[in-house]
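Listed features, source TrEMBL:
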type	residues	note
BINDING	GLY109, GLU110, SER111, GLY112, ALA113, GLY114, LYS115, THR116	ATP binding site
COMPBIAS	965-979	compositional bias 'Low complexity'
COMPBIAS	1053-1065	compositional bias 'Low complexity'
DOMAIN	1219-1366	domain 'MyTH4'
DOMAIN	1371-1673	domain 'FERM'
DOMAIN	1749-1904	domain 'MyTH4'
REGION	587-609	region 'Actin-binding'
REGION	934-1001	region 'Disordered'
REGION	1048-1078	region 'Disordered'
Amino acid sequence: MDVMDDRRQQGARPEDGVPDMTVISDIDEIAINTNLKVRYQNDKIYTYTGTVLVAVNPYKDIGIYEPDVVESYIGYKLGELEPHIFAVTETAYQDMCRSARSQSFIISGESGAGKTETTKFILQYLCSVTGVVASWTEQQILEANTILESFGNAKTVRNDNSSRFGKFMQVCFDSKFHISGCVVQDYLLEQSRIAFQCPDERNYHVLYQLVSAAEANQELADQFMLGAASSYTYLSQSGCAEIAGVDDVRRFDELRLAMSVVRIPNEMSDGIFGVLSAILWLGNLCFQELEDDTERCRLSEEALNVLQTVAYLLGLEMEPLEHLLLTRQINVRGNITDIPLKLSEARENRHAMAKALYSRTFAWIINSINTCMTPGSSKDYILGVLDIFGFEDFAMNSFEQLCINYANEKLQQYFNYHVFALEQETYAAEEIEFSHINFIDNTACLELIEKSPTCILKILAEECRFPKGTDETYIIKQHHEFNSHANYIKGEDRRRWADEFGVRHYAGEVTYNVKGFLEKNKDVQQASFFYLMEKSSNGFVKELPDFQDLMGVMMSHVGTLTKRQSSLARSAAKGKPTVADMFKLQLNSLVESLKQTNPWYVRCVKPNEKKVGDNYDDDFVLRQLRYTGMMDIVRIRKQGFPIHVSYDEFLVKYHMLNKSSISGSQSLDDRDAVTAILEKFNLAKTEWQLGKTKVFLRHQANEPLEDARQDMVHLAAISIQKLWQGFNCRRDYRKKKAACIMVQQAFRAKRQRMTFLRTVRAVVTIQVSPFKACSTLHHFRLGDLYLAMEAEVASMVQYVGDMNKNVPWEMSPVLSPKSLKPSDSRLVQDQLSAMVQVTEELTSKFTQDTASHVTSLDEMFRFLGAESDDTMEMSYASADSGLVSIEEINVGSKETEDTPEDISAAFSEAMAKISFAADFLTEFAIEDDTSITAEAASEKPETQKDTADESPPARLHATNRDSALGGSVTSESGSTGLSPPEQKRKQTRETKGKVVQPTASLDEVEAMLQFAAGGMEGEMQVAKKPKPLPKPKKPLVAEKPSLPKKTVVMKTPSSDSGKPVSVSSMEPEVEQQPTMRPKHKFISRQLSMEGGRGSTMSMIVSRPLSTCSSPGVSLTRSMSYQTLWKKTARDAHRKNRVSKLLQEWKLGQTEVEYFNKIMATLAAKEKAKEDEKFYNLLEFANENFNEHPVTVARSGRMSLRKGSSNVAPMSKSDMIMYLDQPHIMTSHINLYDPAVVIMAITTFKEIWKYMHGEVKQDDNAVVRHIVARCIENEALRDEVYCQLMRQTNGCPSQDALLRGWEMMTFCASCFSPSKSLSKYLISYLKKHCNVEALSKYAKTSLRHLRVARITPRKMPPSDTEIKALRGFGLIVCRLRFLDGMSKAVDIQSYDCAETVVKSVSERIGLKSTDGWALYECVGHQERFMRSREYISDIIAKWESGPKKDHGDFLVKKRLFKLPKEMPQDPIEYSLLYAQAVHSVVKLDEFGVSEVTAVQLAGLHCQILLGEPYDNKLDRYDEIGQFLPERITAGKPKQDWRSVLAEAHKEYGSGKPTLVAKVWYLTCVKQFPLYGSTLFPVTYKGAWSHNSDLCLAVHADGVMFVDQRSKDIWYQYRYEEFESISLVPSEDCINFELNAEVADVQKSFTFQTPDKEDVSALIASYSPAHASWLKTGRHVSRKLVRGKERERLQEELIKCRQALVEKGLLRKPNYDSGSTFMSTLRKFRKGGAKLKDEDEAKIFKAYNKEYWSFSKAPITHSLSVMNEEAVASKLFSSILMFSGLQKSGGLGSVSDTFDLIQNVMRECLASVDLRNELFMQLIKQTTDHPEPNSKVNVTHWQLLAVACSVMAPPDKLILSYLQSHLKKCAADHASEEGQHAYFCQKCLAKSIDLKRKWPPSTREIAALLERVK
């Protein structure tokens, strides 16, 4: 029994605060008010009045709208829980589902009563009801409400979030009652608020949100030219710019998120914000009257700047916009005349423009939201929420308040009719007993406003259509017409009769001021303003004219009209409809819509006028209760019968409740039958009555009937399900039983034969040599094992005893007999007992009979059992290799025997377990040269929770012993008793065993779908998180300098912070690196795997205890055994200090990010200014052009002008003008390479001939030849652009000019100019964008050049591209998908693979492109295209090929970061399925067995062909569509057709297409190679396998796979690799394993031409290896000119200064220092050259000789280092190599190669010597007197070798080397420049490599040969 039933039985008083006011005994106004007040004071703001909900605004957060509260009301009826808006919403939703009738919520109340918030809560609850099914749609509905609130709500004096428009949100549901969309209908946006607000009010929220966000984000402020709120008239005139407790910046972020959710594009969002900014600036426009003409006005000086901003934001020209502001147009008989505006008219026109922009923006947003959330055809039911403006009465009421109060009158009339009038009419017609209730009828007031022929709205409309109508004439007519009306108030003050009138509304009297009534009702906008917006460059502004006719837009939203409404619309259409006409039409349509639904009422009440919480004003609330008729509502809900159903409907629904009585008596009529049902439930007769045709019920009578009916329906459904499931189970059981009998027969026969053969072989073997066999097995299995274990235990005990003897007891309190506790002694004994127990277990293990082996039935029929028995064990997984079918069992009977390798592996496993237990004893001893580290696990298993009270050592011991000895491990799922490998095998059997079933029942399909959605649960439970890359093993030393050098570091589980506890030894020793055990390698990866989750620590012991050396190491007195496990205060202090530093560091990072953001904004500003600036080509010519002599053309040849030999050069202005001859003497810009100069002259001739049509070959061939030459020679690109700009500047021939611009377009599509020329070329193109004949060429070139090209084009344009560029069109490219779909995409010349993939994904609806890539397909070859690879280059490559084989482009997934997860996007799921079929059938990447392939083919047949048909084998003719060629090659086609038909029937029949796809893709995902990318490779070195090898790169690791059989040879996770590196000089990739990996081979080197793709893929999967996978930094070589050369010299000098300032260089001693200084002074006084001045800038002690080439040996090192003699020998070796010295170098030298190898070997071993080598080589290659001499070449050769092997360790020296090489490489033409450029490339490749050995002779020879 619910709460209200209790109240009814015991009576209720208002002082108790009852939840339903209909149960109050003595009801009156005071009782209602008292009840609401009591509940309000207890924070219970909701109260029922029957089904009407009363909500009192709390004006504070009371925490009753959280998600858990939402869930608590789901499924409960009205009244079962505390009153809440959620309860009413749940009841309405359930009523819609039960009655299949649309519902609606009508929310009413005064402004500020909480209507908007109530709407939000209703939408929140509705979205939670079906949130699982269509979460995206529901999120869009919620976010749409956020947008509407920002753009349509504002602060008023009564409400901080007042809705200034009405909205009716119709949430649409489909036939399954899931949300399918939403339609928003808006009503009467208050436009006047844009230009005017009353004091203490605000404009619309969005304007303040935008301005506040701009203040916090400078980039946003710059983008939309925004200032502070106080700087705008529209925002500051009311004196209120903020709302207490509201963060406008956060609201703006929420708004932008909401706009993205409802799919408003970013460019449109920017357009909206730009319009809002323009509206704000419009309000700041100031006008001035002309002094000589008062009928006209103009803009002030400040206003002109403002207008320029407005024009920019709207994308309009300033002049027409200014003209529009100052004039208006009139149309007289087709003649349009501009009339100047007066000052007042101009101001109003400005406001009108602002209102027009905002209202049309709001209409655009409404339309966009409806377009996004349209339900389409899924609009079966509607649940509408009406949130309309509340009743308003301000100090100044205008036209908007009249319309708002008119709407409230209309809704009040509907409420009265539905609740009172209609209800009582029904009671009277049915003649039931009831008391008539009088209610407040507002019909008279409503007729005054809207009823024709005479009403307020009618008179207003007529006056608007009257040519000379004004507000004054309107009020006069209205006073005359309604002077005697009871609800019309003319006013007592005669002085205000001309301005005001009043109306007596149901809520009170309201006085309206008629100023502006006619203007607002007309809503006149200048058509010229919308015509101007059509020409805007802003895409959003250009769409606003579509909403010019707001009336038409509103009518399109109204929907279906009644006959009366249609006539009203037609009458309004005779003249232009007014705002009042349209509003009236909308309200009538709204009422008609509400009548089609079942209404639910929510009455919102304001507790006080101060908008504060915990303040209940009795009188104020009582007034609201009176005019809303709350007293009458309570009475009619208390006395009435809200539920009335006809007798027929009642009996059809409830006859089952009294079936026996009704069926037993045939003479009962409908009335008696209904009475029998009601009396059976003993319902009180006061709760129901019977009318003539209907039964009337209250909720107390209806709810028991509904509950009983639901229980009966539920029981009936269970009975039906029981019978159906029983039938299915019996049928399936019979089928499975028959199949099992057949399988068991075959299996038993096979097992008996295998047992017999095994027995025969054993007998024969024993007969051959019984003694030898027995002794061998005994010795191998038992003898050596016992001996090894006994030796290990003895050595361990002996070592502990020796330590205790050698260490003084007073120095070792831990090991002393006094300090050794009984528990510790027992601990040692437990360890020894554990080792004995292991021995016994191993003995019993080896004595078991291994011959009997029984295979499980589950094992035989696993779906994917297709792998051979001899598959090698994977490196990081111990799972089953797959199960075999019956056919595979019958093939052969090869038995398995215990080989010596198996016994050896078992022995190693046993010794590992013993060693693990023995290692614990090292906790009582400290080795002299080894560190023992114990790392605690991050999580403690559940099996250890009971041991939490044990001491840390005991708990650690127990845990490690259990995990090491193979004890039971508790998994996260709770299953115990199995070790992880066993548990994994069991889970794999259980999972994979369900894949194949004879038939597919409903339960199995459901289970399979759940399995597909969740992934392989068993696999995921066993999977381990990848470990991070191993760090270099370095000795651990203490942080404190006072500690000795020798420390032992232990990490214990009891340390919360995970910090090591250091134990200092008394005798400091030299630190030693940990070494591997010399005898046994016990610590293996298998040990760590067996520990799994169950182990809390893993130990690393450098060698066995038997090899531990002596003693001499002890513990201090203070470091007792317990203190090792205790956290010290010093650790806590250190932790706090580190945390504080970390916080400071994060704060610093935030400041750095903010600073970087500011710098990025400033850079963007500078770039924008740079783009707007115009650069004259003549300026570039003056600085960079060569001197050209004045020439004349004679007989087609070029000759100098007559005269003296000293010919005057051509002016630079002439050199940028058209040259009417094909010959030039030299290049335009300075090209240092003579060969390039010749190419420039030739290219000019070819361009000239192309322009004049004098080429002998095809035009396209000439274009490709010129462009290809520029692509290959970067220095030629600027020259060609200069030539084209010259020849297109002033060309007299129009045809030649157009062909020249064609060539410009072709060049711009393929390459960009240098940075120095770019701005001049851009300006040149911009200049010609306005030339009509050339604008298309210039704009096309400009578009190509403005695209940032990360990499240049590699191919000249193809014929297809040339044709597209000539026609100013696009290249149409078709992309293919594996599911058979293809899409045509328009591409530009600069589009790359990444851009095309994103473009096509948007077209097909693919939500995410993560991992998807583009492939080039030619024939059967598929080549991955990198993201920055140009599509145009591929097309050009196809056309230029020898056979011109045109391929196509394929889109498929390449990167599988989570291969086991199922995608949620249906498009992606379909594509992945198609790719899985392609991989299995076409590519045969997984090597599936025949059985598995046939099973998958059966599923594929079901997907492609549908259900199977008997005797129709021709459907399976295309065998290649279903099976790989490898499998079909063994049988004829006819046989395979029968196999496919059977597989289709067995595995595919009955499955829907989606289910079959889920099965197929889920099964394919179980293959170990799924998600891998295969690369054919060749192993370099000795290899036991065949040479057909593939490298499979997977998300988890790398696999080495047989190319033919696809068997996995080796498999490693990424964390098992120490390094993965690329060999720079060869197409090789090298893999180095960690030392912890138990494999013998630690290094693998493979040769593949795809090493770059392999490295990129590995770096994507494992970012930790990305730094290793670099072939070297790209070295670009650009043309360097005068200023850039000076800049390079300055950089070199700065590097030298940095070296000196940091103290890295040794200061030289000069004898002639004073002479040098005086020489420097003379150079300065005499105006020395630049180089000498630069040298003088270096510090005094480092003169020019210090940095430059020297023939003499040096006496000291150049850098600061200890070994001076070695530095001198190093320099002598350099001189020996160049031939300047014969002896004195490093080591013994037999030839040149020995000398280089000695130098490199010594430098690789010493960091200081490496720095010194590069300083000396830089010195020897600087300022050589003879740059092309042999000596200088040898120095560059040695520098090239050094750069190829290593890089300077010091960063400053590295920077100095790079600057030196860059400066020297700037000279392209010289040999020294070529050598420096080669050294740059060598250094870029070796800068990230760490070589250990010097280069070989072959490598040295290759490098020396390169530098000649």
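Each Cβ is built from the backbone N, Cα and C atoms, and glycine gets one as well.
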Residues near the ATP site, GLY109, GLU110, SER111, GLY112, ALA113, GLY114, LYS115, THR116 excluded, by Cβ within 8 Å of the Cβ center?
ASN57, ASN159, SER162, GLY390, CYS604, LYS606
Taking every protein chain shown into account, which of the binding-site residues SER111, THR116 has the largest tally of Cβ atoms within 10 Å of its Cβ?
THR116
Can you give the mean pLDDT for the domain 'FERM' (1371-1673), rounded to a whole number?
84
Cβ atoms near GLY112 (ATP binding site) (within 10 Å, other residues, all chains):
23
Number of other Cβ atoms within 10 Å of the Cβ of GLY109 (ATP binding site) across all protein chains:
23
So, by DSSP, how many helix, strand and coil residues make up the region 'Actin-binding' (587-609)?
9 helix, 8 strand, 6 coil
Long-range neighbours only, meaning 6 or more apart in sequence with Cβ under 8 Å: which ones does LYS115 (ATP binding site) have?
ILE107, SER108, GLY109, SER163, ASP387, ILE388, GLY390, CYS604
List of residues, in chain order, with Cβ under 8 A from that of GLY114 (ATP binding site) and at least 6 apart:
ALA55, ASN57, CYS604, LYS606
Residues of the domain 'MyTH4' (1219-1366) by DSSP state, where helix covers H, G and I:
95 helix, 1 strand, 52 coil
Which residues does GLU110 (ATP binding site) neighbour through Cβ under 8 Å, counting only same-chain ones at least six apart?
ARG158, GLY390, PHE391, GLU392, ALA507, CYS604, LYS606, GLN624
My understanding is the cutoff is Cβ-Cβ under 8 Å with a sequence separation of 6 or more in the same chain; which residues meet that for ALA113 (ATP binding site)?
ALA55, ASN57, GLY390, CYS604, VAL605, LYS606
